[in-house]
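Trainee: I'd like to ask some things about the structure below.
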Amino acid sequence: MATLSFRNLKKTYAGNVPVIHGIDMEIKDGEFIVIVGPSGCGKSTLMRMVAGLETVTSGEILIDDKPVNDLEPAERDIAMVFQNYALYPHMSVFENMAYGLKIRKVPKAEIQKRVEEAAQILELGKLLDRRPRQLSGGQRQRVAMGRAIVREPKVFLFDEPLSNLDAKLRVAMRLEILKLHRRLHTTSLYVTHDQVEAMTLAHRMVVMYQGVPEQIGTPMEVFEKPASTFVAGFIGSPPMNLIEVDVAGDGTMTAEGMPLQISPLQVPSAVRGRKIIMGLRPEHMLLNAEGIPVEIEMIETLGSEQLVHGRRGKHMLVVRCTTRQLSESTVKVGDTMNIGPDGRHDLHWFEPDTGRRVQGL
């Protein structure tokens, strides 16, 4: 196990194209960090820099406080699990898992011991003689994980390892990775675009946007207090409703010139008398409540719950409600009705010019 540190880490491609804009971060021994963000945000580039597959333009990467910028990938004592399993088709499961150790000239008895231990952890013991073509997608990914485990690295790197799996297998493999980390306690860096993976796996998550960490925190810290409108719109499914409002000195609000029936008691003094962006989580809103008049444009049926989409001028707002609540309200597409906060959860407030969360709220 090891610590992993980034010190003002930057990456610029040819033509002076910046990709990573200066990351400072300390990852504790045994911590599971998930880097999440949209395509092109720099998360995979950051992972490849740690692995030694991309050069560092400036700054430092340290493992156990030792700079590794100039070390070859094989010298960094890391193991990487990729999106595509990268298994040798002509080798058995045992041979695939053992190959890296053979290259490093580890004694045969030690190889046998490590492979059998990893196979037991990953429930691959009965599959060691099979070829990759005889395995399911989930089994192949477990073999790729086993190949990383037998190296006994200081740091595990996971580069979107579940992206090629179907939805059911992804859930199963998330549980496998959780159990694996609880057993091994190896420092891990995990890259994904899937916020569900980030929320369920991470001790802390790093939300990346345009090469910069927008927010670093525990999953619940990020969900409950997003640092910016980007984070609010990226974390959460469906994402947070964001609406531009004018707040009077007495706490009353208007949006696009129309009054909003939201109690001034829910409006803090820091946002009164100014323009602001107000955020409301779909699951923290109610139909037929005091708040925002909208025209219902769409209703999504998801079994036990429904997503009701209503338009207010240029804003599309979503309410998540149970199927029973929706049937009791008799709402249908084309209706005009009020939606509003449930009163039990805080509203969110963001600066209109920067998108950052209002300080102290």
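FYI, residue positions are counted from 1 along the chain as it appears here.
Each Cβ is built from the backbone N, Cα and C atoms, and glycine gets one as well.
Quantities reported herein were computed from a predicted structural model and do not represent experimental measurements.
Below are the features listed in Swiss-Prot for this protein:
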type	residues	note
DOMAIN	4-235	domain 'ABC transporter'
BINDING	Gly37, Pro38, Ser39, Gly40, Cys41, Gly42, Lys43, Ser44	ATP binding site
Trainee: Can you tell me the three-state DSSP label for Lys43 (ATP binding site)?
Mentor: helix
Trainee: Across the domain 'ABC transporter' (4-235), what does the mean pLDDT come to, as a whole number?
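Mentor: Averaging the confidence scores along the domain 'ABC transporter' (4-235) gives 93.
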Trainee: For the binding-site residues Ser39, Ser44, which Cβ has the most other Cβ atoms within 10 Å, all shown protein chains included?
Mentor: Ser44
Trainee: Applying the rule Cβ within 8 Å of the centroid of the Cβ atoms of Gly37, Pro38, Ser39, Gly40, Cys41, Gly42, Lys43, Ser44, what extra residues of the same chain belong around the ATP site?
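Mentor: Once Gly37, Pro38, Ser39, Gly40, Cys41, Gly42, Lys43, Ser44 are set aside, the remaining close residues are His193, Met208.
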Trainee: Of Gly37, Pro38, Gly42, the binding-site residues given in the record, which has the fewest other CB atoms within 10 A of its CB?
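Mentor: Each of the binding-site residues Gly37, Pro38, Gly42 was scored by Cβ atoms within 10 Å; lowest is Pro38.
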Trainee: Under 8 Å between C-beta atoms and at least six apart in sequence, can you list the same-chain neighbours of Cys41 (ATP binding site), or say none if there are none?
Mentor: Met208, Tyr209, Gln210, Gly211
Trainee: So if I draw a 10 Å sphere around the Cβ of Lys43 (ATP binding site), how many other Cβ atoms end up inside it?
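Mentor: Around the Cβ of Lys43 (ATP binding site), 28 other Cβ atoms lie within 10 Å.
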Trainee: How many other Cβ atoms sit within 10 Å of the Cβ of Gly40 (ATP binding site)?
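Mentor: Gly40 (ATP binding site) is surrounded by 13 other Cβ atoms within 10 Å.
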